[in-house]
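If you check Swiss-Prot, you get these features:
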type    : residues                                       : note
REGION  : 39-310                                         : region 'Six-bladed beta propeller'
BINDING : Gly916, Gly917, Gly918, Gly993, Ile994, Thr995 : substrate binding site
SITE    : Asp936                                         : site 'Substrate specificity switch'
SITE    : Asp966                                         : site 'Transition state stabilizer'
Amino acid sequence: MPSLMSFGSCQWIDQGRFSRSLYRNFKTFKLHEMHGLCMPNLLLNPDIHGDRIIFVCCDDLWEHDLKSGSTRKIVSNLGVINNARFFPDGRKIAIRVMRGSSLNTADLYFYNGENGEIKRITYFSGKSTGRRMFTDVAGFDPDGNLIISTDAMQPFSSMTCLYRVENDGINFVPLNLGPATHILFADGRRVIGRNTFELPHWKGYRGGTRGKIWIEVNSGAFKKIVDMSTHVSSPVIVGHRIYFITDIDGFGQIYSTDLDGKDLRKHTSFTDYYPRHLNTDGRRILFSKGGSIYIFNPDTEKIEKIEIGDLESPEDRIISIPSKFAEDFSPLDGDLIAFVSRGQAFIQDVSGTYVLKVPEPLRIRYVRRGGDTKVAFIHGTREGDFLGIYDYRTGKAEKFEENLGNVFAMGVDRNGKFAVVANDRFEIMTVDLETGKPTVIERSREAMITDFTISDNSRFIAYGFPLKHGETDGYVMQAIHVYDMEGRKIFAATTENSHDYAPAFDADSKNLYYLSYRSLDPSPDRVVLNFSFEVVSKPFVIPLIPGSPNPTKLVPRSMTSEAGEYDLNDMYKRSSPINVDPGDYRMIIPLESSILIYSVPVHGEFAAYYQGAPEKGVLLKYDVKTRKVTEVKNNLTDLRLSADRKTVMVRKDDGKIYTFPLEKPEDERTVETDKRPLVSSIHEEFLQMYDEAWKLARDNYWNEAVAKEISERIYEKYRNLVPLCKTRYDLSNVIVEMQGEYRTSHSYEMGGTFTDKDPFRSGRIACDFKLDGDHYVVAKAYAGDYSNEGEKSPIFEYGIDPTGYLIEDIDGETVGAGSNIYRVLSEKAGTSARIRLSGKGGDKRDLMIDILDDDRFIRYRSWVEANRRYVHERSKGTIGYIHIPDMGMMGLNEFYRLFINESSYQGLIVDVRFNGGGFVSQLIIEKLMNKRIGYDNPRRGTLSPYPTNSVRGKIIAITNEYAGSDGDIFSFSFKKLGLGKLIGTRTWGGVVGITPKRRLIDGTVLTQPEFAFWFRDAGFGVENYGVDPDVEIEYAPHDYLSGKDPQIDYAIDALIEELRNWNEELPQRPS
């Protein structure tokens, strides 16, 4: 029996009185720190100097005195502090601060312990993610200068290099040692930690990007001294030994070696949590573990927990703007709408004057009209999703006990008798709204059945059924099935030879409409010889009663027979297209004398792929009588239709929700969702978010048996840390460690809402600067292809190369020893500014140029073009060069940009170093497999190869440890298919794919490894190992220092050698 919960009578809230009193009380209460109710905290990133310890707690920086036991907060309100290091003299502290809602930028500050001054040092807005920390403290040189590691001036975000900071950030001197995370000094020698960042989200990592340690030898070269089979992180030096964290024995422990990488010793035997964040004052080592701080004395091998005590318990309420976290919305009867925000459901009128919260604790996912004065909703727990009913007239709620799995789509029939839900078990089912009893209609073998509709007479359910004709088919198709509630029988509405979708019934339930990719008409590619099917969707209609006329054809009634009975047998034979040109259609809504079609114009995928930009749709109206199509609304991202088919609710690209009557679309109104602030408990939210993160991992990890064993073992272990979490970043630390227990790639946390501090901004002009006396000089200006958009420093637009020019001022503000150029540029990002340049011989230039927000792409294209020129010159015009930065849209762009020219050289280098992965490697492999077998011989002009997109001669691919995911797959495929030699270093080793489908209540995206990649010969072995090259060529720190690229040099030499024995046959015109 369903459990019945009564919440008493319903009270509508007068919005004006509520909002004023809530905000007034909140402002007063928020300032009050509840010291009497302090709870233990999560303590992170400690460092030590003498008797002073610093650490991060509640996003702020604290200091603890080991002698007195006193603790005080020393830096707060900067953003989220996640790292801090004492300078060697202990007078200053370098602090890393992350900003932006999802902590997507980071910069460094100095804190002066003598006078309390806080000063921003870097203006790089370095990339920041939960899995790697860019623009961070790398170490200190023997003179006490800070050395940072940053990706800010590099062509790749995964390439962090070392810079010495001079004059409090006025000057940054590159060390030119290549990728590095840490730098230490021992006996006057530099010790480099490459990739020695933390990997809490991937415990047990063994791939090519695992941390390694190099040391400088007497010759000025570097040698690798620590290269274990597992990851190495947080290196520090005490005496003549290097200490670090690794889990070579299966669990994270502190190990050490001597300065030659020998005499490996294990110092700890932890079994609860991994140690993290090693730091030292040269005598003792400090670290955090399980939210507490410990001190390790290498001389005595003793470990002590530092008892700091309870510090801070911020007020356990968070107030949010509902529209910022809106997840689901739905029209109800009359002027009422329902929507879900931050896991809570609300019913309100359009104006927002009256707002009613559905009285169900977190977490609600969907809410739909459930009949007169009722809504049906899906709410989730860590066990699964459940159905509930709420009567907003009486205030009574009913929650059913049947676990529906993880629900990803929900609908309710117009009469409020049953709901239809689709879950991740690939089931579509009905749920009786009286008893809560679920009945499975059908289960797919291939995918979720989320594309469904219910007829207005509540008799039929039509849905898109995913299918493949064989277990190893490459494509999942979709056919329309119809379930008859009266006969409890399934009927095929379409054949199984295409992708049929978006079924919809008309108001009298006599006709079934749907969309289909059946109108194939290829469009030519404008860059290479290729075609694509861009506008293939067309609407179709099926009369459900045999003998009934097509409702979109104006057949006189006198010429048609009387309507008979429903007969769904062989209904696919009655399908006919509607007279609308093909397009990219997503939804169809039949009305009495017209049809609404939701269409998305053809567009590029770049913004959607990299920025998550929603597709902008257009609502079209097809008039059956005139057969004309008109535009109703544009810039839409989502759409809902009311039960009576009279009102439409839409979300637009501005993120707001609007409603309008179909009879008068111009009478559009904004749904005012933000008049009532959303109030929630931080503690309750964090527990729910942890539970959901744990459940997502349990239910989506690709190996079900392994997921069950791990999930049950770790649940309580990490949930015990959640009460210590007082900020969202605290919780993030717990969640990523929990995910890391699966020891598999692609376990990420992305996005979310961590702080209200705006992201750091940076201003760029695609130039490097160096300080010459009191002035900045342009050390290098970057450009790729000067004719391409966005590929050169804006200074080049004036026809001068600014290299060597002195920068006197920017908009009249002198920059140099007394004024940081990076600060000045950051304040002008996105605008134009006048820059005064001074060259040799008194040459002065005043230039108005655009200050860029980012210049990485320019630096990337400059790097590619420099490599291409080098390859062409060194091979004397016989070898071409292509770099592929990822296997996404940018990777496709860069491949085709160069392939059409570079493939015609006798040899070809395909460089996938630093490849960020994606999914298009197979498209690129397909092109590289094309070998020339003939030529077209014109009377005039030159030869044209056949196939047109084909490789002329020999190929070599270069890969490295930063090539991962689909970059791993490309590297293995290139090698396996024998396309040429693969050289470089072992790849990242992450090939269990992801398709994130759910967000946490604050917008956080969590990914779970769902699709394990298997190769012939390698099996599942590429995961957590990588791909070994045919020839290993290391790129050592001293190679970067000397300006050499040994991997490209080897590739050129190897291709030249192969071409010695390559005989090319070209056509000779007959006489």
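Note: Cβ is positioned from N, Cα and C throughout, glycine not excepted.
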Quiz item: Greatest CA-CA distance (Å) over the residues Gly916, Gly917, Gly918, Gly993, Ile994, Thr995 that the record ties to substrate?
Solution: 16
Practice problem: Measure from the Cα of Asp966 (site 'Transition state stabilizer') to the Cα of every one of the binding-site residues Gly917, Gly993, Thr995, then give the nearest. | Solution: Gly917
Practice problem: Quick one: among the recorded sites Asp936, Asp966, which has the most Cβ atoms sitting within 10 Å of its own Cβ? | Solution: Asp966
Quiz prompt | Nearest of the binding-site residues (Gly916, Gly918, Gly993, Ile994, Thr995) to Asp936 (site 'Substrate specificity switch') - Cα to Cα | solution = Gly918
Practice problem: Name the secondary structure element type, per DSSP in three states, that contains Asp966 (site 'Transition state stabilizer'). | Solution: helix
Quiz prompt | Three-state secondary structure, Gly993 (substrate binding site) (per DSSP) | solution = strand
Quiz item: Which residues in the same chain, at least 6 apart in sequence, have a Cβ under 8 Å from the Cβ of Gly993 (substrate binding site)?
Solution: His746, Ser965, Pro1009, Glu1010, Phe1011, Phe1013
Quiz item: So what pLDDT does the region 'Six-bladed beta propeller' (39-310) average out to?
Solution: 95
Quiz item: When neighbour density is defined as the number of other C-beta atoms within 10 angstroms of a residue's C-beta, which of the binding-site residues Gly916, Gly917, Gly918, Ile994, Thr995 has the lowest density?
Solution: Thr995
